[in-house]
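Copied over from Swiss-Prot:
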DNA_BIND  18-57  DNA-binding region
BINDING   GLY92, ILE93, GLY94, ASN95, MET96, GLY97  NAD(+) binding site
Amino acid sequence: MKDKQFAIPKATAKRLSLYYRIFKRFHAEKIERANSKQIAEAIGIDSATVRRDFSYFGELGRRGFGYDVKKLMTFFADLLNDNSITNVMLVGIGNMGHALLHYRFHERNKMKIIMAFDLDDHPEVGTQTPDGIPIYGISQIKDKIKDADVKTAILTVPSVKSQEVANLLVDAGVKGILSFSPVHLHLPKDVVVQYVDLTSELQTLLYFMRKED
């Protein structure tokens, strides 16, 4: 399954982990079958969106029969490569970086931060987190990435440094970056970037709250 490639819209791709989480929850609750309405209500979208999303993957269920929970849980696990551990690195150990270092990704999904980086003169460089994650100076980044064969990075550096550090990551062989900076990164087309802009998300939330008043 994991070798098969599906051409799907970006909006659908962003919901894949939600579907996987819901089917894992249904499975834990001993639910064997679920229809599109149940799935939609659990996620907070409409059932037509669920059916449209699933249509990109061929025949996942049958009308009037619903979806086999265990089968779909396995399907999305394969699709998201959640059957094996993905090692991740983190760059920038400020407040956000520290919070992410203490978040136990591997207990919830098959992702694990195995090392972190900051400026060479940062006081925590050369130490480890309570969970044993080593913290290195940025000058070591190329050698450490090569040794660990890490292709995915979380970027939590100040906006003014994000492009510079992203360039370092790409030069070292990183192919995927989750950036917490609002600055758009200009990188090669074969590097995948996802942005998490907490300020923008909060402003959007406040906008919809005002609309409800």
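Backbone N, Cα and C atoms are what each Cβ position is placed from, and that goes for glycine too.
Quantities reported herein were computed from a predicted structural model and do not represent experimental measurements.
Positions of the features from Swiss-Prot, shown on the structure.
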| residue | record | CB count, 10 Å |
| --- | --- | --- |
| GLY92 | NAD(+) binding site | 25 |
| ILE93 | NAD(+) binding site | 22 |
| GLY94 | NAD(+) binding site | 13 |
| ASN95 | NAD(+) binding site | 9 |
| MET96 | NAD(+) binding site | 16 |
| GLY97 | NAD(+) binding site | 22 |
Near the DNA-binding region (18-57) in space but 6 or more residues beyond its ends, with Cβ under 8 Å, are 6-9, 12, 65-70, 72-73, 75-77, 79-80, 82
Which residue counts does DSSP give the DNA-binding region (18-57) for helix, strand and coil?
-> 28 helix, 2 strand, 10 coil
Within 8 Å of the Cβ centre of GLY92, ILE93, GLY94, ASN95, MET96, GLY97, which other residues of the chain have their Cβ, at the recorded NAD(+) site?
-> HIS98, ALA99, LEU100, ASP118, THR156, VAL157
